[in-house]
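Peer 1: So Swiss-Prot lists the following for this protein:
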{"type": "ACT_SITE", "residues": "9", "note": "active site"}
{"type": "BINDING", "residues": "92, 93, 94, 95, 96, 97, 98, 99, 100, 101, 102", "note": "ATP binding site"}
{"type": "ACT_SITE", "residues": "134", "note": "active site"}
């Protein structure tokens with residue numbers, strides 16, 4: 001059995017710099033991975049079937065991104081094998097930290113390894129893009145500055161602090177936020193250099209705070225300890241700390257009713273670290 005992580009990511013900032021003729025928004029965002037996430041385990045099947053096993057209630061099997069990713073890879077590669085896929089879900093649904101997209105990317109990379117397809121990263125990222133705009137981010141597995149609708153990625157080296165992530169018990173509708181007439185859509189474009197020097201904010205945050213008091217309250221609570229931000233369109237919010245101890249000290253002061261976790265920022269995703277280790281073991 002092959003077991004691999006599906007790590008979370010944080011959007012450390014999100015600027016909306018314009019709107020295209022097709023209705024999509026032009027974005028600038030900076031993201032980094034976390035050493036915390038879901039976990040997928042893969043076993044080959046000889047009958048060609050894809051079977052997802054999870055304890056999550058209400059998950060439609062055929063429309064799940066993991067199953068769609070696996071079937072897409074089967075179809076595009078002509079692979080006759082199937083797989084049993086076991087999902088251990090740790091990340092909140094609809095939290096803006098990439099749970100579904102990360103799961104899909106781990107399915108693509110994991111099955112590429114399990115089935116010995118030897119597809120290149122570029123090919124897998126291209127397949128991932130047909131599943132969702134964020135999937136290539138996880139396929140690439142490098143902290144990056146993203147532009148366009150998120151498809152133009154420029155790898156960056158960032159500090160790797162510890163983060164406290166709070167998951168308000170609400171699922172934010174991304175479509176609803178991007179359709180809000182009060183959303184800022186003309187933030188001046190920023191260069192990577194300016195951004196790394198300390199610029200950047202989240203244009204979606206004021207809209208989400210207005211519509212979702214749960215997110216507003218979580219930000220207010222975390223702001224008592226460190227500057228707090230929202231990732232993507234929410235609902236998760238985060239603050240950074242110089243070490244695990246300080247982050248955990250604040251986490252222990254949060255209400256038990258507010259789910260949270262502490263994780264370290266990573267410029268190379270834990271998925272890629274695992275795959276590199278596997279490749280080294282094979283070649284040894």
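Note: Cβ is positioned from N, Cα and C throughout, glycine not excepted.
Mind mapping these onto the model and telling me what they sit next to?
Peer 2: Reduced to three states, the DSSP call for residue 9 (active site) is strand. Sequence-distant neighbours of residue 9 (active site) (same chain, 6+ apart, CB under 8 A from its CB) are 31, 32, 33, 34, 97, 98, 102, 137, 138, 231, 269.
The DSSP secondary structure for residue 102 (ATP binding site) is helix.
Under 8 Å, Cβ to Cβ, and six or more positions away along its own chain, residue 134 (active site) finds 98, 101, 150. Mapped onto three states, the DSSP output places residue 134 (active site) in coil.
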Peer 1: With an 8 Å cut-off on Cβ distance to the 92, 93, 94, 95, 96, 97, 98, 99, 100, 101, 102 Cβ center, who else from the chain surrounds the ATP site?
Peer 2: 8, 91, 236
